[in-house]
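The structure appears below as C-alpha cells.
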Amino acid sequence: MDSFAVQSAPFSDLLILHGAIVFFLQVGFVSLEVGYGRSKNVKNILLKNTVNILLCAIVWWSVGYAFSFGVSSGGFIGTSGFFHDGSLGVVKIWFYSWNFCLATVAIVSGCLAERTSLVAYPLLTLVMASWVHPVASHWAWQRDSWLLGLSDECRFLDFAGGAAVHVCGGLMGLVGATIVGPRIGRFEEGRAKDMPGHDVSSAAIGTLFLWFGWFGFNCGTTYVYLGNMAAAAAAAAAAAAAAGVDDGLSGVSSPPPPAITGTGGSNPADRVALNMTLTASVSSLTALLFSSLRSGTVDLVVCCNALLAGLVMSTPACGFITSWAAVVYGLAGAAIYLGGARLLVRMQVDDPLESSVVHFACGTAGTLLLGFLARPAYVAQLTGYNCGGLVYGARKGGLLLGLQVLGVVAVAAWTGVFSVLVFWALRRSGRLRVDQVTELAGLDNMDHGGPAYPEFNLVPYNNGSGER
C-alpha cells in the first residue's frame, strides 16, 4: 500500500468509504474475543478494545501517521505530518491507514485476553501505534524507504499488510502470550485443558463481520495503488511536456497515463475480491475437512479460525496473484493454521483466539509465497515494477524472493525486539498480569463493577462506588 501525496477525488472518496468498512473489523474483533472468552471477563474485553480504539486515534493523529507516511529520513522513518491538521486530500489516507493501525493493535489484544492487567493495554497500544507499526509501515509502503529502494528492477511486495499489520501484530501477541503466561488451569501436569468460550454465536458472527471488514481492507487498498500510479503517470507526463517545451518540441505530445483496468480489461479491485474470497473459502473448508476426519467432530472454531487464516494469507498477495494461486494460498493457510494451533499447545503457549498462528504465521507465509507466485503483469500494473515470482522467471523471481525474505525478517526483528522489551518491563514492574484472585473470580467482578450477565452470576462482586 504505497502512500501518495496528491489524490484525485474519486480515489480519495473511495478510501473514505472503504475505511468505514474496514472499521467494521473492530466489531468483528470484539465479537470474536467475547465469544472465545468466558462470561466473567466480557466487560473487560469490551472496555479494553474500546479504549484501544480511542487511544489509537489520538496517537495516530499526533505521531503515528507522520512516522508511517511522512517524508522519509534516511529511508527509516517519516518526519512530517505530525499532529495532522485535517487538510483535504492526505487526511483520507490518514483515516484509511488509522484503521490498519487499529487492526494491528487489536491482534495483540486478543492474544492476552482474560489474565492481563487493564493498565497494560494502553501502554501496549502506545508502543504499537506510535512506534512499532508506523516504522514497519514506513519500510513496507513508503517509496523512499530503505526496503523499497534496494533494487531498481523489483521491490518488496506487501499488498495490504501481511508484514506491516499481521506479522507485526501477531508476533507482538505471541511474545506477550509467552511472557504473561497461560491462564490458570489451561495447562495442568503438562497437559492442555480445554477452556471453551461462553458464546459460539458471538464468535461466528464476529468472524463474518471480520470477513466483511476485510473486503474494505483489501479492496480499498487497490485504490491506494491506482491513485499512486495515476499520480506518477501525471507527474511523468508533466515532466515530459516541460522537457518538450524546453527543447522546442511543443508539438510532441506525451503518452497518456495508464488505464486503471488490469490485464485483459479486468478491474484489479474485482481481482482482489475474488482472490481473498477463494483463499478464505479453500482454507476454511480444507481445515474443517481434515480436522473432522482426525477428531470425528465438525468444529466451528476450526471453521472460523481457518477462514481468518485464509484472509490473512490473502492480505499481502491478493492484488498480485491469479485465482489459481489463491487456491494454493488457501491450502497453505489451512495447513499452517492446523499445524500452528497444535504447536502452540505443545509449547504450552496460551493464545485464547489462536491469533498468533492466524496472523503471524499466515502473514509470514503469505508474504513469502509472493516470491514464488506473484504474477509480473499484476505487479507492474500496481507498482510499476516488471518482476514476479519464481514460477514466472528465474532471475527476477529469485530477486523478489530474496526481497520478501529480507522484508519479513526485518519487520519481525523490529517487532520482536520492542515486544520483548515492553513486556519484560511490564512484568518487572508488576503491571502485566492480574493477581490470582482476580483471575479466578473474573475481571468483571473485581475491576468493572460486576458481571456482564448479572442474572446468571454466582460469584460475589464489587460494584464499586454508586457515584457516576
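Just so you know, glycine gets a Cβ as well, placed from its N, Cα and C.
Record features (TrEMBL):
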{"type": "TRANSMEM", "residues": "14-32", "note": "transmembrane segment"}
{"type": "DOMAIN", "residues": "16-244", "note": "domain 'Ammonium transporter AmtB-like'"}
{"type": "TRANSMEM", "residues": "53-73", "note": "transmembrane segment"}
{"type": "TRANSMEM", "residues": "93-112", "note": "transmembrane segment"}
{"type": "TRANSMEM", "residues": "119-139", "note": "transmembrane segment"}
{"type": "TRANSMEM", "residues": "159-180", "note": "transmembrane segment"}
{"type": "TRANSMEM", "residues": "200-217", "note": "transmembrane segment"}
{"type": "DOMAIN", "residues": "271-453", "note": "domain 'Ammonium transporter AmtB-like'"}
{"type": "TRANSMEM", "residues": "272-290", "note": "transmembrane segment"}
{"type": "TRANSMEM", "residues": "297-315", "note": "transmembrane segment"}
{"type": "TRANSMEM", "residues": "321-345", "note": "transmembrane segment"}
{"type": "TRANSMEM", "residues": "357-378", "note": "transmembrane segment"}
{"type": "TRANSMEM", "residues": "398-426", "note": "transmembrane segment"}
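Here the domain 'Ammonium transporter AmtB-like' (16-244) returns a mean pLDDT of 93 for the predicted model. The list of residues near the transmembrane segment (159-180) in space but at least 6 beyond its ends in sequence, with Cβ under 8 angstroms from a Cβ of it, reads 1, 100, 103-112, 115-116, 124, 128, 132-133, 136-137, 139-141, 217-218, 221, 272, 312, 315-320, 349-351, 355-364, 366-367, 382, 407-408, 411-412, 415-416, 418-420, 423-424, 427, 432-433.
With pairs at least 6 apart in sequence, the transmembrane segment (119-139) and the transmembrane segment (398-426) have 3 or more Cβ pairs within the 8 Å limit; the two touch. Spatially, the transmembrane segment (297-315) is adjacent to the transmembrane segment (357-378); three or more Cβ-Cβ distances between them are under 8 Å for residues at least 6 apart in sequence. By number of Cβ pairs under 8 Å, the transmembrane segment (93-112) is matched best by 14-32 from the list 14-32, 119-139, 200-217, 272-290, 357-378.
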